[in-house]
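Chemist: Before I ask anything, here is the structure I am working with.
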Amino acid sequence: MAAGSVNPFNTSDSDEEAERRREPSPSAEPHGASLAPFSSQTDAEPRALSLPGTRASPGGDGVPTETRVSVDAVAAQLLRDQYILTALELHTELLEAGRELPRLRDYFSNPGNFERQSGTPPACKDPGAVALNRTGSISTLDSLDFTRYSDDGNRESDERVAVLEFELRKAKETIQALRTNLTQATECEIPSQERKNYKSSPEIQEPIRPLEKRALNFLVNEYLLKNEYKLSSITFSDENDDQDFELWDDVGLNTPKPPDLLQLYRNCGSSQLSPREMADVAVGMDTSDLTKDFITQEPVQRIETIQVPFEQEIIQELEYQISLLNSEKQSLAEQITQLQSKIEGMQRSVSVSVVTPAGCRSSDPGLPCESPVDNGQYLDIRRPTEVDTGSDTTQTARLPPAAPPAAGLDSENSTQCLNMFKSPSQHGRGAVRFDQPNRKLSPAFHQALLSFCHTSADSRLGSEVSCIADSEESVMLMLGRCLPHIVPNVLLAKREELIPLILCTACLHPEPKERDQLLHILFNLIKRPDDDQRQMILTGCVAFARHVGPTRVEAELLPQCWEQINHKYPERRLLVAESCGALAPYLPKEIRSSLVLSMLQQMLAEDKVDLVREAVVRSLGIIMGYIDDPDKYSQGFELMLLSLSDLSERVVSATHQVFIPAFAAWTTELGNLQSHLIPSLLTRIERLLQGEHGLDEHKLHMFLSALQSLIPPLFAVVLQNAPFTGRARLANEVTPIEVTRFPRPASPLQDVSTLVGGREQLAALLHLYEHQLQHEGTAGWDRLLWVVNQLLPRLIEIVGGINVSSSTCVHEFSRFFWRLCRTFGKTFTNTKVKPQFQEILRLSEENVDATAGNGVLTKATVPIYATGVLTCYNQEEDRKLLIAFLEDVMTTLSLSHAPLDSLKASFVELGANPAYHELLLTVLWFGVVHTSALVRCTAARMFELLVKGVNETLVAQRVVPALITLSSDPEISVRISTIPAFGTIMETVTQRELLERVKMQLASFLEDPQYQDQHSLHMEIIKTFGRVGPNAEPRFRDEFVLPHLHKLAMVNNMQTVEQKRMDVASQLFEAYSALSCCFISEEVMLNHFLPGLRCLRSDMEHLSPEHEVILSSMVKECELKVESRAMGEPPGSMSIAASLVGEDAKTKFLSKMGQLTTSGAMLANVFQRKK
């Protein structure tokens, strides 16, 4: 992670860590001195400050005679005392001097330090730090307006300018540092030995580097665009979708854009610079191409925060130091020759075990050798005894120029290799002896001889191979260095095999930066992980969290989720959403209820992928199971409503399965289930029903489904707060729970046994619950009394305000009451629910207002009580009660001449379930044989609703006989009432024998002389024909419907009563409009359809001119179609509606159709076809 990046989860170093860095151990001081005669101050801690009145001791004996305060301590004190401007100025000066202080960098890079909140900011663990107000800047805190905290109003503008200048400078530096780090991170360096091979052998092609590839891709795309190869350019861009070809900076090089390909080609033959005159800016210079005088031996650590433009004075200072080191190098080369001869003699008397790596060019194999630091030019040749005792007698020798630097190794890795290459005695293990030859060869000869071995440590991999780890810590360090190079070369399908290795290293690695890099690799291991791969990553994250604890999970694992919250691939966002839920139990409770909750809320509101939002809802449910901040209740309620209103069924299903049960459990603990959650949903339902702009059925379904999901938690609360709860004991003699006792839960979280603690516990509680209701009553049972006295009356009142014609509302409330009664049990339903409904539904003629039509029996209370309460239990007494209720309702409504909408809604809702078909036929047979003609008419009307869902066997055995009985009723109104049911049978039944019986009965109505003057019968038949004709069997339509419509139209021409003539003509117009979309044979068209239209047009000429225009167009087009058929066109059926192609006719037809007041049902049939 770049130094300039802003990470809100980084934590500043504690004071104890700062003290440990300021006071290194005595044993480490000589070693550090031998390795770094000249070290840059920019990467280390800034030097300490001397306090006034003190002086340094000239003895240098280790006894301090002066008091010195480090810059880090000064910065900590400034932050602790809230001298923010002073600390900012100190940070700026240190940054300009190249001595950036990590504490100040982390503090001013974290937005959390400047937000006003109750807890301690996550990036500032100092107890005295207090959060400030946040300004408009979102990504950085460098744009804070500190002048508002100043007492001097005159300096307001000056300080504001200073802060803005600092912000601008910081932003430019951050951009440059990010580009530099990108270049360094993505460049693959090639060992110098391989480069020599490429230069010596031109036929060997040097592998292309990533940055070179991106630069060439940019130039190739530019060439294609300039030369009008646009399609090739588009294809090329698609194949390189990870690169922005519009911006050269996206390549990642810190160099200006090179010339185009044509210019490069023209200049390829001109004079080229020698390798010594140029260097790769992105990678650095190869030391093998430089002269000997330019090779420095000091390991300079890589500095991330250093800026490209150095001051001239710093460059001159560095050159001066290099010249001093070169002179020191010459003197050390002479000393090493003397020391080597002394060491050779001492090795015979001292037992030393050291393995000489291939990369160490020491003159003696027995010489203790360590890995080269950075460039491999220095080597610690202390004796093992001196290293163990921590003595200061350390010598530093210069290796010969034949030892090249280890490419790709920075100082940190090299220092780790130093520890690895200590002898076994240094690590506290047994010594390994090697036989020493009794020879007197010079060390230089030994070294030259060993150089012929085919080993090499002058590459990154070679150095790692030569540094064998001999401790747990060194193994972790080695894995931390190697894994970033291994992962990109593993097949995508097998990368999950690396998860255990990455996690183990991330858990145990001592360096925070390396751990952050490894976790970043884990979350980016697979470009688009599938379900199994995500599951493995999540399993690893949970294992990591269990191992490291909440602090490190917050500081190391959670930032990886935050970084990918807006990733372009939905699989990665899905991983983030699932991780938030999986890590919830292992996070600090403050982070769990604030940051993680906000992340999930943002993803739920903004993400456009259903799968991601579904995972977000599931994670939110898990968060609700661990949250303990009562102030977050209102936010949880809003999240529940937001999840329920989602357009995706997957998200809504996850809400009912996970989120609502978890939120209800927390609400129960807070005591808000009965006091706020359920009443709030009821209030919203009441507002919907009272709305002025119509009922929003989607929202009604949303709120009712939420209430339905809250029934199990409500029943669990009633059981757990009952008078008998303390007496509930698990016993073997407790009656087991019936399988059908409760409705099937949507998820295990909605299972009542899960809510109360187990199935045995639930069985014990249910036994006492039933006993309490049957024998002891509800006195003192506050939770159940709330359900009986407040919830049920309010629900019944809401049901009374529902429009009974809304089948959706009736169905939703029926399901709710059915689940409520099934959950609370049969005793509760019989003693608490049914009496309240029966008190309202007092079945008598006086309870129905025939004039106003607003009686309780005409409202939705009837179908909801019948289908939601009386159908909960299906025993014989329950079925008898339902039959009796429906018979009473049918009788009462019929005798009071009230609307039948409530009874129809009951039949439609019950008729959807085949189990109630026999029951409904029993109720209708009661109406068929009733003594009142009004009840018999109602029964005939109800058959029309029942026929559509009943199987043909029942239609033939029970329905048709009942209708034929009614069709011969003495009352003409009863016979007319059977016509719609007969028409529905013709529309739905396919049995030929059954259709013939119905056809004969309808023919008797049309041909019997006693019905010739029955105007209402003719109206009903025409209306029925218009409704069922388009969907009926074509043979029945051509042979029966259209001929009889023709006859009725002819008879209507001779009607003398104008009102009756107008009524019949209007019905005929609707019928012909519906049948005009059917395909009619040519014969029927000429003999019946066209003559009938002409008769109807004749009526409309006098009665309704606007209808006459449409009929004239239909007749004209029909005649044209017939004429075209007569002129030799292929025979076949024709459609009047399909022939209306003339512009004038079409315009007139559409304009007049918009002026008509025909029924919607009839016009809907116009656009239906026989399937």
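Glycine residues also receive a Cβ, built from the backbone N, Cα and C atoms like all the rest.
Heads up, TrEMBL stuff is auto-annotated, nobody curated it.
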Chemist: Which residue range, 161-188, 609-636, 1085-1112, 1141-1168, is the one TrEMBL calls coiled coil?
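Modeler: Checked against TrEMBL: coiled coil maps to 161-188.
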Chemist: Quick test of your reading of TrEMBL: among 35-69, 105-139, 315-349, where does it put coiled coil?
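Modeler: Here TrEMBL associates coiled coil with the stretch 315-349.
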Chemist: Which range is it, out of 386-411, 412-437, 1010-1035, that shows up in TrEMBL as region 'Disordered'?
Modeler: 386-411
Chemist: Along the coiled coil (315-349), what average pLDDT does this model show?
Modeler: 72
Chemist: Helix, strand, coil: count each for the residues of the repeat 'HEAT' (959-997), based on DSSP.
Modeler: 31 helix, 0 strand, 8 coil
